[in-house]
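These come from TrEMBL:
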TRANSMEM  32-50  transmembrane segment
TRANSMEM  70-93  transmembrane segment
TRANSMEM  105-126  transmembrane segment
TRANSMEM  138-162  transmembrane segment
TRANSMEM  169-190  transmembrane segment
TRANSMEM  221-240  transmembrane segment
TRANSMEM  293-315  transmembrane segment
TRANSMEM  327-345  transmembrane segment
TRANSMEM  352-375  transmembrane segment
TRANSMEM  387-407  transmembrane segment
TRANSMEM  427-447  transmembrane segment
Amino acid sequence: MSLELQTNVNDVLNEDQLMLDSKPKKHVPAQWARTTCFILIVVMNLSAWIDLEGLIGEIPLIVVQAPEGWALPSAASLCLSMANIAPAIIVLLRWRQGSRFSEIPYIYLIIVVGLLSCCVLAFTWQRTIFLFGSERSVWFFCCFFTLSMLDCSSSLVFFDYMKRFRDHYLTAVFLGEGLTGIIPTFLLLAQGVGGEATCVLTTNGTSLEPIYSEPRFSVKIYILLLGCVIAASLIAFILLRWTNIIALADAVQSVIYQAEELTTGTDPNENSLMTSVIESPESKSRPQMTRRVFIFLLLINIINSTMLFGCLPSLSTYALLPYGQKAFYYSSLFTPAAYSVALLINLRWETITLRATVIGSAIGLMLCIFIIIIATQSPCPWWSDTTHGAIIIAISWFLATLIIAFLRITIGHRIKLEWKDDQGMFYFGASIQLGLLLGAIPMYFLVNVFNVFTDREPCVIYCLT
């Protein structure tokens, strides 16, 4: 009897053990895997804007050798705005394909073509072609236009790609974008000040001619170094796609295995690791953003992008060069770092209230308007050719960039967390590009057609008091 009882007890224990073994074990991601996945996302997003950020930082050297002179930034901004045809095509394709749309091929295209364009630009940026009655930097603008199409599209597809990941990985995207300003800054520091004019007498002693200082290394080397960063981005994306690092890091939005709460979808173009569509109790507990707030935030983002990304880049020469080449150089050096500072602030305040967003936008827009007023007064704006004037305009530009960049990040986080539709980040990226378009096109006509802004000739004395 005791033997039979013991046998029954053993059977029950074995059944319990089998039931325990059959239950799915919770996967605990390794810290190294989470860190590696985060770093790979950061490096992948370096390719989003580093080429254009780097070229904008190099404008002080390029503008003194380009036949367009001070009008070069406005023409480049026009290329940037016209490049929005690429994201417009992507929007159309997404609308036509619906759930079959995949952003993966476009990410490959953006990184690979961006790398090739940098290599071509490095060897051709100085070449000019006689066109429409004057020499023009056709090679530079063709490569700039290509890079602009890619970077404008990256605002859509890179953010769209992040819908697959947990919310905190969105910080990696903004960190990568922030580093697109920091890395060129270090390269510019290593390169040193160049393009500064020294006026010397001509051989007959009747006039002055400029001699420009040389940097430590050339524009070609600088652009090739940017290309190396893009190559690293390509490697990072390949590792994300073709290794199991995402699974090890448990980076995909978690799926709750309850029939009444689970909805899944499968994209035939993706691997199984990245195909879950999530609806979990955690996501249901989040505050839901109303459509009115969503549209209002996008409108704020459009206005801020119009000023910061559309208007100001076209006016950089007219607002900064009246204070000297060094003012232009140091502003180009430190302003991109404002994006990284904004990200550090965002680590403390991931989202802010709607009221704070409106107040911050008002302050940022007032700074932008101040810079535009300074540019309209060129070649003799307030405090021109003075050190304190250079400091004021450089700080104003830095603060405008810092405030609007911070607001852009917080708006993106809030849409990611609170908007119920997974296309929210797609429209967030589209609002940035729309703002750029609305700012760059009017600025091009004001600079190049209506000649509202006046540049300076080298070795000519201005602003006599």
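Cβ atoms here come from the backbone N, Cα and C positions, even for glycine.
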Practice task
Could you give the residue numbers and ranges of same-chain residues that sit at least 6 residues beyond the transmembrane segment (327-345) on either side and whose C-beta is under 8 angstroms from one of its C-beta atoms?
Solution key: 53, 56-60, 171, 174-175, 177-182, 184-185, 188-189, 193-196, 316-317, 320-321, 390, 393-394, 397-399, 401-402, 405-406, 408-409
Handout entry: the transmembrane segment (352-375) touching the transmembrane segment (387-407) per 3+ Cβ pairs under 8 Å rule
Key = yes
Problem - Recorded stretch, among 32-50, 105-126, 138-162, 169-190, 352-375, maximising Cβ pairs under 8 Å relative to the transmembrane segment (70-93) - result: 138-162
Handout entry: Leading contact stretch, 32-50, 138-162, 169-190, 293-315, 427-447 vs the transmembrane segment (352-375) - CB distance under 8 Å
Key = 293-315
Fill in the blank from the handout: Taking the transmembrane segment (105-126) as reference, the highest number of CB pairs under 8 angstroms among 32-50, 138-162, 169-190, 293-315, 427-447 goes to 138-162
Fill in the blank from the handout: Among 138-162, 169-190, 293-315, 427-447, the stretch with the most Cβ pairs under 8 Å to the transmembrane segment (32-50) is 169-190
Handout entry: Cβ contacts under 8 Å made by the transmembrane segment (427-447) with residues that lie 6+ beyond its boundaries
Key = 71, 74-75, 77-78, 80-81, 84, 87, 91, 152, 155-156, 158-160, 298-299, 301-307, 309-311, 313-315, 318, 408, 411-412, 415, 453
